[in-house]
Amino acid sequence: MSTLHKHNTPQMAAITLLGLLLVASSIEIAGAESIGVCYGMLGNNLPNHWEVIQLYKSRNIGRLRLYDPNHGALQALKGSNIEVMLGLPNSDVKHIASGMEHARWWVQKNVKDFWPDVKIKYIAVGNEISPVTGTSYLTSFLTPAMVNIYKAIGEAGLGNNIKVSTSVDMTLIGNSYPPSQGSFRNDARWFVDPIVGFLRDTRAPLLVNIYPYFSYSGNPGQISLPYSLFTAPNVVVQDGSRQYRNLFDAMLDSVYAALERSGGASVGIVVSESGWPSAGAFGATYDNAATYLKNLIQHAKEGSPRKPRPIETYIFAMFDENNKNPELEKHFGLFSPNKQPKYNLNFGVSGSVETNATASLISEI
């Protein structure tokens, strides 16, 4: 005891405070870095690409999802240090699957020509392609397209930098309750299992679009609004030793369980879309959207009962997009087209601010 008291000097107190600040800073930065925002462009009144990227930077949004390799956006991203999930659109999947020469051309034109000035982290080959939706005509081409892009990325010398995956939705899940019993639909296993095997072998995550809003609005009699908005005061689902207070976690963990049942226990998940509309349909209100988004950003730092670690999550979307249909789809934006924020959201303080703060403390020690 006396030894400890002997070293309890103002200098040691300052060092201790510095350590606590650094820990707090690392937690805040980790939480902020867990969140990205999807940059959709289906509007006729949106800011230009340079303005958009400056808005990302000014709001400390460190990750961005592009749905296609728009060269104007990629040019604006140069030197921004923003990590990018780059989409290969559904319209290109069949072409890319047909031959390596097409994959090499796509990677050269849309990836290598911008690397390393643009920090491309993932290639999302296709979005929500599924044998049980209107995209079923593309299902046989998806895994071959992913393989070809993966090979082309490797040939370009970027295999250690960029992961190749695809973005799926919850229609592929056959059972999601309780979360530990999650499994893919039996009639989709022929499609899903090769994707899971590819991701396992290449150590890439599955990209999953998770929307508690659609589950709630489609079944409000059985799914409560607080459970959907992260505001339930008590445990809603007890699944063995795991307790679920929000639908987002339950949906996410059901996909983890489904991956495990398909041989993908080692495959991670990135939430490639999640959001809540502010108008346009049942349950789509400003207050609900504000509550969901604020709580999602906070919750992404914490993880789910099955995987209690930060969840890399991309919010849909940056702007309200007036060319989208149906009406509901026009109201998912975090910002209005005039760049004014719709909600008071905190994406975390920038590392430079925290570095300056800790630097001044160090100078006083």
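In case you wondered, yes, glycine gets a Cβ from its N, Cα and C as well.
Taken residue by residue with DSSP, Glu128 (active site, proton donor) is part of neither helix nor strand, so it is coil. Glu128 (active site, proton donor) is surrounded by 18 other CB atoms, counting those within 10 A of its CB over all protein chains shown. Residues or ranges marked as active site, proton donor by Swiss-Prot on the basis of similarity to another entry: Glu128.
Positions annotated as active site, nucleophile by Swiss-Prot, on the basis of similarity to another entry: Glu273. Secondary structure at Glu273 (active site, nucleophile), taken from DSSP and collapsed to helix, strand or coil, is strand.
What Swiss-Prot lists as N-linked glycosylation site is Asn356.
As annotated by Swiss-Prot, signal peptide applies to 1-32.
The Cβ neighbour count for Glu273 (active site, nucleophile), using a 10 Å radius and every protein chain shown, is 21.
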